[in-house]
Amino acid sequence: MGDALSVEEQRSVLSFRCSAPESDTITKLVKRCRAMVVKLLPVEVELSQITDATSSIITPQVITSFAKSGGDFGEAVPFALLRAKAMFMNEANKNPADYDENLCRATAAEVLARRIVHNLPVDKLESVMSARYRYRESDGDESAPSSALETAIDQHGTIFLSSSEAQHVVNSLWRGDWIQRNNDNMDIDYVPYQAAESSSFWAHLNPDRMSVPRYQSTFKMVVWTIFLFVYSQSVQSPLESFNSERNWDGYEIVLYLMAAAFLIEEIVKISKIIRIAPRPMATVGFWTIVNLITDCLLLTAFGLRVAGLSLDASKDDQAQLLHFRSFQVLSCVAPFIWMKLLTVFDGFKIESVGTLQVVVARMLRESTIFFILLAIMGIGFVQSLYALDAADGESGGRGIVINNLIQALLGAPDFDSPSERFGYPFGLIIFYGWNFVATIILVNVLIALFGSAYSDVTDNETDEYLVFFAHKTIDLIRAPDSYVYSAPFNLIEAFLIAPFEWILPRDMYIALNRYTMTILFFVPLTFIVLFETNISHSKNRSISAYFNEPPPDEEGDPVIEDPTCEGDDNGEISRTKFESLISVFPNPALTESPVHQEMEIMRKQLDRLEKLLLESRDKPA
C-alpha cells in the first residue's frame, strides 16, 4: 500500500508542464541530482542491488525524493539524472581507482531516471522525453540542446532505453503515430499525428509522411537496391564503354548522380548533427563510417574517370589507364554496397539481425587496442628489416618488407625471403620475432577482445537490440529538416528548390515544397496512403494487430477478472471473486526498506511500552 501511495505522490509531483529553464538552471539541477546520488551511495555496492526491481537502495521513497528535487522544473529531472550519469562516467574514466564506485553511482542515476519516467502520467511522457535542454559545459560554454531520449541514446543507456516508456516513444515515432515538430532555437516536440478524418485519397496524401522513420527506412532501402543494380551494370563490362568518342555510359551517369546524392545527404546530415548534438562523435555509428568509406571510394573513381576523359585525344593510352584505375577503385566499393543490405532487415523487429550489427560494431570498436599495438610493433619490425636490407648498400625493399610482415600476420609467412634478402641470421631472427609477437600474442589479444565484445552483447541481447533500434529511429529524425527529400531527390532540392528559400515568401516556399514533394514521391505516398488507410489503421483487428503493437493489458476490467457464463447452465467461473483469489499473493514490489522501517517503528513502540510498564510497576500502589 505504501509503494502505491509513493507512485501516486510521484505522479502528482510531475503532473505539470514546466517552463523552459535556462542553461544555468539546468546545470544547478544536474549538480543537485549528482550530490543526491553521492549521498545515496557514499560507498560501492553491487550493481544488482541497484538494478533490482525490489532494491533496498532505489526505494519508492527515494524515487519520490528525486522526483521532488526539480521543484518547479520537475519534468527536467530525468534529463538531469542522465547528465549526472555522464558526469559520473567521466569521473570514473579519469580516476580508475574509484571507477567501480562511480560506475555504481552512474547506474543509480540511470535507474532513477527510468523509474521516474515509469511513474509519469501518460499525457506527460512525450513532453518529458522530447524537451531539449541546454547546460553549462566544463569550460563555461553553453551546450547544444538535447532531450532525455537523445541523451540516453548518446550514452548508450541500455537501462533507460529498454524501459517500456522509452520504447513506447520510440515505436510511436517509428510508426508515425507521433511526429517530431521542429520549433525555434532547435527545440522539438513529439506531438500525436492527426490523420485526416475524410476517406478521400487526396485528403490522406500528405508529403510530410515521408519523414516518418518507418517510411524513410523502406524508401532508402528500395533506392539502395536500385543503386546496387546500377552499380552491378556499371562494372559488368568496364572497358567496353571506352571508345574514341569517350562518351559516358548511361549506367555510369546514373551511378555517379546517385553517389553524389548519397554524399550530399551524408554531409548535410553530419553537419546538422555536429551543430546540434552535445557529443557529435557519440552519434557517429558503424554505418556512418561505412557510408563515408563508400562515398570516398566512389568520389575517387569519379575523379579518375573525369581525369581520363579530360585528356587530349593524343593521350588515349594514358586516358585508358586512368579509366582502368577508375574501374579498379569502383570494384572495391562492392563489399560495402552489399554489406548495407543488412540494414534491410533492421527496420523489421528481427532481433538477431540487429544484434549482429551491434556485435560487429562493438568488435570493431574493441579492435582499436589491437591495431594500436599492431601499428607500434609493426613500425619497429619494418624499420629493423629495412635497415638490414640497406646494410649491403642496396635499398628499395620497403614494399617487400611490408608485404612479408602482412603475409606473416595473415598466416602465410615466407621464411626463405628474410634469409636471402635481409642477411642471415639476423633477418630470420627478426622475422621469427614478428611471427611470435603478431600471430601468438597480438592475434590472441584480438580474439579475446572479440570474445569479450560478443559475450557483453549477447548476455544483454534484448536490451542491446532495443538501444540499437532507438538509435536507428532517432538518427532518421534528429537532424532538423522540415522537408525530407531522400536521396537521390535531394539533388532536386539542393539545386532547384533551396535557392527559392531566399526569394519566395514563407507561405509560397512551403507550398512549393509540398507540391514538389507530392509529385516526386507520388508513388511511395500512394503506398503509404494505402497502408495507413487499409492496413495500419484497418478496422480488421487481426490485420491491424499484425502491423501495430500488441494491445495493452486489460488490468482492472471486471469482465476479465470476474467473467459470467451467460448461456451456459453447466456452472459459473466466478464462484470466488478475483480480489479474494489474489489476496493471498505476495507483493513482489515490496522492498526490504519498508520492512526494515516497520520493524524499527515496532521496536520503538515496544521500547515505549516496556518503559511505561516499568514506570507503572515502580509507582507505589
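Note that the numbers count up from 1, one per residue, in the order the chain is shown.
Including glycine, each Cβ sits where the backbone N, Cα and C put it.
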Range annotated as transmembrane segment - as stated in TrEMBL, picked from 254-272, 482-500: 482-500
Beyond the flanks of the transmembrane segment (426-450) by at least 6 residues, Cβ under 8 Å: 363, 366-367, 369-370, 373-374, 377, 381, 384-385, 388, 404-405, 408-409, 411, 413, 415, 418-419
Close approaches to the transmembrane segment (482-500) from elsewhere in its chain (Cβ under 8 angstroms; 6 or more beyond its ends): 182, 207, 210-211, 216, 219-220, 223, 257-258, 260-262, 264-265, 268, 509, 512-513, 516-517, 520-521
